[in-house]
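Taken from TrEMBL, the feature domain 'Mur ligase central' applies to 115-262. The Mg(2+) binding site annotation in TrEMBL covers Ser144, Glu213, His241. Taken from TrEMBL, the feature ATP binding site covers Arg360, Asp389.
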Amino acid sequence: MCEPHSVIQIQRKDRIDIQIISASLFLPFCSHWFIYNTSSEEVPFHMENNVVTNGQKPNFPSSSFEAAMEKISSLITRQRRGEKPPIANKLEMMSLYLKILGLEEDINRLNIIHVAGTKGKGSTCIFCEAILRECGFRTGVFTSPHLIDVRERFRIDGMDISEDKFLQYFWDCWNQLEENTTEKLSMPPLFLFLTILAFKIFISEQVDAAIIEVGLGGKEDSTNVIKKPTVCGITSLGMDHTEILGDTLGQIASHKAGIFKPKVPAFTVPQPPEAMGVIFERAKEFMVPLEVTEPLDCKQIKGLKLGLSGDHQFYNAALAVSLCRCWLQKTGNWEKKYQDDSNLPDEFMRGLSTAHFSGRAQIVYASTSNSHCSEIVSKNCGELIFYLDGAHSPESMEACAKWFSNAVEIPLKSSFEVQKADGSSENGHILHKGNTLGQFEKSFKRILLFNCLDVRNPHILLPRLVNTCASSGVHFSRALFVPNMSKYSKVVSGASAISSDLHGIDLSWQFNLQRIWEKITHGKEITVPIEKDFKIDSKEILPPPEFLNDNAPSGGHSHNGFASSAVIPSLPLAIKWLQDCVKEHPSTRLQVLVTGSLHLVGDVLKLLKR
């Protein structure tokens, strides 16, 4: 395996993964904090709808995107939990929707790479897209979930689909489906609609290659309406979504291998024996040529740093290489372009090094607004660094912990390229070499900013994170537990207003996470109900300044009864508090790991980019 990646990666201008965010974007108003979009006017929540004219590309007013979000949001609550639609089979429903839109035959002409798995399937798709784009092909990739804007799910040639094109295809699909609804066939649920929209976009944009990530499982997933993929892939499998896919690796593998099609080649990575046995059995049943891909090593990629960080990405990258090589062979392009089978083509190398996927092992530098600081980091200037990874399963949490441990321990380089607000770049000096390095390293405090959905098991996730980090000598000074901003009943755009209303918020889950954390860190159960005296309108809603002090009494009562963790009732308040700590204490440098939920990671990115 290669040496750990550098935390500083120089990428092409349109894919820079390290950003400098100004704290001055957080504007105080009265006793709460409102976040404003500095590049456009404030967007109201409710907008009027707009209709596509027959055969004409409409001229959409600015409100149309929010109107589209309202329509998409209606698909979340249209069907009540536990209520079965008249047509229960998702794939049967998909076929009917595609027939209405006239897309059935066109899908069969898309050269599709179909990818399932528990962890790494999105990253594998992004690697595939980057490789084939570097090979000169027009690419489309469909992934989920989105972090900030729903358009992230639909990439054309490596970029999120433009707002104009999104609206054109959205309203075309929406209006045709709405006009053809019946008592038996209502509008599709959210993910089915987004899958249909992806097919519509890729067909209309005439992509050469469509890379499709499975949503959940495989066999019964809406993407499995694909009948003639060019090649299929299965990434690493683990225990996730057990309430739907089964509580054994064999059952989960059976769902994932459900994307196999007769005689269509497939690739996977090394799997636990129980899972691998099922995958091979499924491949034999459908006469699928199946190969197991070993992780890339340094010799193969000549010491290249992958665009996506973490040792686990060597498995995803290797799978993407096999899928793309097969895709080129099956479409008759390999022999035209490449003669040597032994080495990776330069285009493959460039794709692997420039692939970018937000919220997965991503580092964001948030600078303070101290005008006297001429350097990004110096002994007189505070530093706030966010390490973002949407890990939410035991296996991905372990991979996240390993990445974070490597990332915070690698000595920072003397300079790197940063992206400014206007899109240009400049070199910012991090640290002069010399005897200041020891002082620099000692001043860092590592903070966990965590939340997970209540369908996850924090009794497994948090210990896995803490123990894996500890095995590398990395320990957290403090932990903050916050609710997500994202509402599961509404899809919003990146420019949508962010509510600052804290009334009626339920923090019982966050206090439960805190109790688990304190048991891990102190080795005993918490007997005092620490949420009992917590009041939203209290002046002590945020931890006091001494909360970060190393000499704060362990297990004492500095905040909410305990010195090592805190519950903060809103994410904007938590980010503001971290920013203030760095501004008010210039010697303080914080390394903040944000994990447990892709929704949480997306919310943090949304706030930092405002």
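Yeah, the Cβs are placed from backbone N, Cα and C, and that goes for glycine too.
Residue counts for the domain 'Mur ligase central' (115-262) under DSSP, split into helix (H, G, I), strand (E, B) and coil, are 69 helix, 22 strand, 57 coil. Across the structure, Asp389 (ATP binding site) and Ser144 (Mg(2+) binding site) are spaced 15 Å apart at their Cα atoms. Other than the site residues Ser144, Glu213, His241, same-chain residues with C-beta atoms no more than 8 angstroms from the centre of those residues' C-beta atoms, the Mg(2+) site, are Lys121, Gly122, Thr143, Pro145, Val214, Gly215, Leu216, Asp221.
Note: the CA-CA distance between Glu213 (Mg(2+) binding site) and Arg360 (ATP binding site) rounds to 16 Å. In this structure the alpha carbons, written CA, of His241 (Mg(2+) binding site) and Arg360 (ATP binding site) are 20 Å apart. Between Arg360 (ATP binding site) and Ser144 (Mg(2+) binding site), the C-alpha separation comes to 12 Å. Note on the domain 'Mur ligase central' (115-262): mean pLDDT across this stretch is 95.
Sorting the binding-site residues His241, Arg360 by the number of other Cβ atoms within 10 Å puts Arg360 first. For Glu213 (Mg(2+) binding site), other Cβ atoms within 10 Å of its Cβ number 25. Taking the Cβ of Ser144 (Mg(2+) binding site) as reference, residues of its chain lying under 8 Å away and at least six apart in sequence are, in sequence order, Gly122, Arg153, Phe191, Leu194, Glu213, Gly215.
Of all Cβ atoms in the protein chains displayed, 26 besides its own lie within 10 Å of the Cβ of Asp389 (ATP binding site).
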